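Asks: Features from Swiss-Prot:
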DOMAIN    205-398  domain 'Peptidase M12B'
BINDING   Glu208, Asp290, Cys393, Asn396  Ca(2+) 1 binding site
CARBOHYD  Asn220  N-linked glycosylation site
CARBOHYD  Asn270  N-linked glycosylation site
CARBOHYD  Asn301  N-linked glycosylation site
DISULFID  Cys314-Cys393  disulfide bond
BINDING   His338, His342, His348  Zn(2+) binding site
DISULFID  Cys353-Cys377  disulfide bond
BINDING   Asn411, Phe413, Glu415, Glu418, Asp421  Ca(2+) 2 binding site
DISULFID  Cys420-Cys433  disulfide bond
DISULFID  Cys422-Cys428  disulfide bond
DISULFID  Cys432-Cys455  disulfide bond
CARBOHYD  Asn434  N-linked glycosylation site
DISULFID  Cys451-Cys477  disulfide bond
DISULFID  Cys464-Cys484  disulfide bond
DISULFID  Cys471-Cys503  disulfide bond
BINDING   Asp472, Leu473, Glu475, Asp487, Ser488  Ca(2+) 3 binding site
DISULFID  Cys496-Cys508  disulfide bond
DISULFID  Cys515-Cys565  disulfide bond
CARBOHYD  Asn522  N-linked glycosylation site
DISULFID  Cys543-Cys553  disulfide bond
DISULFID  Cys560-Cys599  disulfide bond
Amino acid sequence: MIQALLVIICLAVFPHQGSSIILESGNVNDYEVVYPQKVPALLKGGVQNPQPETKYEDTMRYEFQVNGEPVVLHLERNKGLFSEDYTETHYAPDGREITTSPPVQDHCYYHGYIQNEADSSAVISACNGLKGHFKHQGETYFIEPLELSESEAHAIYKDENVEKEDETPKICAVTQTTWESDESIEKTSQLTNTPEQDRYLQVKKYIEFYLVVDNKMYKNHTSNQELRTRVYEMVNYLNTKYRRLNFHIALIGLEIWSNQDKVDMDPGANVTLKSFAEWRAKLPPHKRNDNAQLLTGIDFNGTTVGLAYTGTLCTWGSVAVVQDYSRRTILMASTMAHELGHNMGIHHDKANCRCSHSPCIMSDTISDEPFYEFSSCSVREHQEYLLRERPQCILNKPSRKAIVSRPVCGNNFVEVGEQCDCGSLQDCQSTCCNATTCKLQPHAQCDSEECCEKCKFKGAETECRAAKDDCDLPEFCTGQSAECPTDSLQRNGHPCQNNQGYCYNGKCPTMENQCITLLGPNYTVGPAGCFKNNRKGDDVSHCRKENGAKIPCAAKDEKCGTLYCTEIKKTGCIVPVSPRDPDSRMVEPGTKCEDKKVCSKSQCVKV
């Protein structure tokens, strides 16, 4: 087993009370200076630990002093930072797309904690010295190298000692008009979860994250490497914030619009968000992702620095836009975490929401102080969203082979050669898994999967995943495995929603639901007479497009062309305009068009 490297920081600490220095984070008016020196750890018998096979160690420890007291900082490489099929895309001056798969597994981005402190954490980049932050005795400290010739000096300081870039409060443009009523949230927060729901919430979930940098932000950086480093640091920080929600964020791709922007960039954040969502919907399969964010150098109108659709995981709208408004990486990452929270079904915190280290991530104002954690309101609202919508893409966990570099016991990833991995000795709460060896305890068959209870396989025919609706099927444990079988769906054509529709690929598409989705709850499907317009074959009313021409519907197929809606208690024919793309105004495939008939390829055919 490769032993952890012990690195001791031999300190000469010089408090600079009242002094000021310009660091990467800005003007810092009070800091301490430390001088790191690496010392190899010794194995038993006094033998020196061999040189690592990779440039950066998988685990490290740093010993130093904070306020005159010694601390030991444990670091573990964030092995899941990049997905197995991570790609980077940029564009040549002539517009040619250049996509590569760089070797990123031997990276220098770490998570960690302070030894003997239960409520501690750390996010560190060790690429060129130590840069990041750690929480110690309830206080957050930042560390970064000092740019002094022939010196390994680092500065340690608190956030309160960084002069603010701009006193104007920033905002997220998601407004209260998109919230549910307080009454409905209060009612759901009082509900008790079923055992099946609790099991679902406890299952580890994953976001395959795609990040895009626009042309202006690209031009604002001196080199591609500087830009990549900044992005990696943001995602490393983002990853730690979602641990409480039991999510792991894996960067699946970075795209830099180095030649020109691929969408219309507009100071109106809502316009840019819509354009970005439309662009993402057309990405090729090799750039698939669960969520995408656009980082932009443009200045959004007013004090807006971010915007996202709410409750859109695993859909076309799982996107956000964030303005590159601060040179401080942690502030940018805080805003990214905030916008991703909206995609995960979380609204802004209300006045009665609290977290132990304010401001909370979903605060309605984005200040110059970093966000550190979700409030209890956010956690509960996110859980209600997951239980209500059951987004499927987040359950696709990386295979063991996706971890290309050497396995590390204690990183919460079950890798090749491991039977379980419950985290570090400090974090592990499992009675089934040995945190030191990542092997099951002698009495255990399993650890924490859906078909595991008290370290034993659940009996055959024990339900492990309930049917979420008419078009889903329940899954049952086999009695031979801890894994719940793959999610299975009701057959296409099975009646659903009281015969209002027929199942199609796990959903129950109806015209009424499509109108509500596109226009809101005050709308329903239009009268039958509206659909006769589809016989025209004009730009608005038609059945399909062929080589740019609008093809009219036959009379029997008129309900399989353009969708018509109407406002409840009113008359008229309304063609909805989707923020996704113009084609989504068409009646969706699989929608019921007559009794025992559904739309297929713009025709009304038998089920």
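A Cβ is built for glycine as well, from the same backbone N, Cα and C atoms used for every other residue.
Context for these features, please: burial, neighbours, distances.
Replies: On the 0 to 100 pLDDT scale, the domain 'Peptidase M12B' (205-398) averages 89 in the predicted structure.
For Asn396 (Ca(2+) 1 binding site), other Cβ atoms within 10 Å of its Cβ number 12.
Asn220 (N-linked glycosylation site) falls within neither a helix nor a strand when secondary structure is assigned with DSSP, and so counts as coil. Same-chain residues at least 6 positions away in sequence with a Cβ under 8 Å from that of Asn220 (N-linked glycosylation site) are, in sequence order, Gly297, Asp324.
Using a 10 Å radius centred on the Cβ of Asn270 (N-linked glycosylation site) and all shown protein chains, the other Cβ atoms total 15. Asn270 (N-linked glycosylation site) carries a helical DSSP state (H, G or I).
All protein chains shown were included, and the count of other CB atoms within 10 Å of the CB of Asn301 (N-linked glycosylation site) stands at 13.
For Cys393 (Ca(2+) 1 binding site), the Cβ neighbour count at a 10 Å cut-off comes to 17, with all displayed protein chains included.
Cys353 (disulfide bond) carries neither a helix nor a strand DSSP state and counts as coil.
Secondary structure at Phe413 (Ca(2+) 2 binding site), taken from DSSP and collapsed to helix, strand or coil, is coil.
For Cys420 (disulfide bond), the count of additional Cβ atoms within 10 Å of its Cβ stands at 24 [all protein chains shown]. Under the three-state DSSP scheme, Cys420 (disulfide bond) falls in the coil class.
All protein chains shown were included, and the count of other CB atoms within 10 Å of the CB of Cys432 (disulfide bond) stands at 20.
Counting every protein chain shown, 17 other Cβ atoms lie within 10 Å of the Cβ of Asn434 (N-linked glycosylation site). Reduced to three states, the DSSP call for Asn434 (N-linked glycosylation site) is strand.
When other Cβ atoms within 10 Å of the Cβ of Cys451 (disulfide bond) are tallied across all protein chains shown, the result is 25.
Sequence-distant neighbours of Cys484 (disulfide bond) (same chain, six or more apart, CB under 8 Å from its CB) are Glu449, Glu450, Cys451, Cys464, Arg465, Glu475, Cys477, listed in sequence order.
Long-range Cβ neighbours of Cys503 (disulfide bond) (same chain, at least 6 residues apart, Cβ-Cβ under 8 Å): Asp470, Cys471, Leu489, Gln490, Arg491, Asn492, Gly493, His494, Pro495, Cys496, Gly590.
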Asks: How many whole Å apart are the CA atoms of Cys377 (disulfide bond) and Asn396 (Ca(2+) 1 binding site)?
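Replies: Between the Cα atoms of Cys377 (disulfide bond) and Asn396 (Ca(2+) 1 binding site), the distance comes to 27 Å.
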Asks: Could you tell me the C-alpha distance between Asn434 (N-linked glycosylation site) and Asp487 (Ca(2+) 3 binding site) in angstrom, no decimals?
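Replies: About 30 Å separate the Cα atoms of these two residues.
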Asks: Mind giving me a neighbour count for His338 (Zn(2+) binding site)? Other Cβ atoms within 10 Å of its Cβ, every protein chain shown.
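Replies: His338 (Zn(2+) binding site) is surrounded by 26 other Cβ atoms within 10 Å.
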Asks: Measure from the Cα of Cys560 (disulfide bond) to the Cα of every one of the recorded positions Asn301, Cys314, Glu418, Cys428, Cys553, then give the nearest.
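Replies: Ranked by Cα distance from Cys560 (disulfide bond), first place goes to Cys553.
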Asks: About how far apart, in whole Å, are the alpha carbons (Cα) of Asp421 (Ca(2+) 2 binding site) and Cys433 (disulfide bond)?
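Replies: About 7 Å separate the Cα atoms of these two residues.
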Asks: Using the Cβ center of Asp472, Leu473, Glu475, Asp487, Ser488 as the Ca(2+) 3 site position, which other residues in that chain lie within 8 Å, going by their Cβ?
Replies: Arg465, Ala467, Pro474, Pro485, Thr486, Leu489
